Amino acid sequence: MKMLQILFLLFILLSSTNALVQDFCVANLKGPDGPAGYLCKTEAKVTVDDFVFSGLAKAGNTSNIIKAAVTPAFVAQFPGVNGLGLSLARLDLAPGGVIPLHTHPGASEVLVVLHGSITAGFISSANSVYVKTVHKGDIMAFPQGLLHFQANAGGKRATAIVSFSSPNPGLQITAFALFGNNLTSALVEKTTFLDDAQVKKLKAILGGTG
């Protein structure tokens, strides 16, 4: 019996060694996006441009309600990261700008401050709060799935690059999830303990109905 187990293990090891190793899997964006990512382009159609993205060079438009912009370099914009377990984005925060409380269900995040100062933090599942003001050259990590935020901490524009541990990290902004949909005000009031006037005001600001 012991000899059979050894032979079986050797078979598994040899099978793994001879398995096909694929260098990359550039996303075929015309196909479906599933839990494992996009299907691969045929290698004959892959070019160097699939591995280059220039979109983070330009500042995002911060003329909006949050005075901030996020420019993604996720798989949909940067197909070369498909299957590589990483992606990037650029954050631009005007004075008073904020990336509201949000989560990335599919990835952890690392923020690198390029310009200015940013107050950033996250809330653990035990409701412990971890907040710090970070400055040019500082790096901060945000664990996967936890609520977190970034806010401009100075009187001038702040810029950061964030990296994610997934080509498609996902995003849910808490305020929009609560007040930017068609869940009835009565249910929102019951689940948030806010009064009717507050809920309707927030729905009006964030585009919700119901």
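Even glycines carry a Cβ here, placed using N, Cα and C.
Per TrEMBL, the features are:
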type	residues	note
BINDING	H102, H104, E109, H148	Mn(2+) binding site
BINDING	H104, E109	oxalate binding site
DISULFID	C25-C40	disulfide bond
DOMAIN	54-200	domain 'Cupin type-1'
SIGNAL	1-19	signal peptide
Here are some binding-site residues: H102, H148. Which one has the most Cβ atoms within 10 Å of its Cβ?
H148
For the disulfide-bonded residues listed here, C25, C40, which shows the highest count of neighbouring CB atoms within 10 A?
C25
Measure the Cβ-based neighbour count of E109 (Mn(2+) binding site), defined as the other Cβ atoms within 10 Å of its Cβ.
22
Cβ within 8 Å of the mean position of the Cβ atoms of H102, H104, E109, H148: remaining residues of the chain near Mn(2+):
T103, F122, F142, L146, L147, P169, L171
In the chain carrying H104 (Mn(2+) binding site), residues 6 or more apart in sequence that have Cβ under 8 angstroms from it:
F142, Q144, G145, F164, S166, P169, G170, L171
Between H102 (Mn(2+) binding site) and C40 (disulfide bond), what is the CA-CA distance rounded to a whole number of Å?
30
Expressed to the nearest Å, what is the distance separating H148 (Mn(2+) binding site) and C40 (disulfide bond) at their Cα atoms?
33
Can you tell me the CA-to-CA distance separating C25 (disulfide bond) and E109 (Mn(2+) binding site), as a whole number of Å?
23
Any idea what the Cα distance is from E109 (Mn(2+) binding site) over to C40 (disulfide bond), rounded to a whole Å?
25
Considering every residue in the domain 'Cupin type-1' (54-200), what is the mean pLDDT value?
96
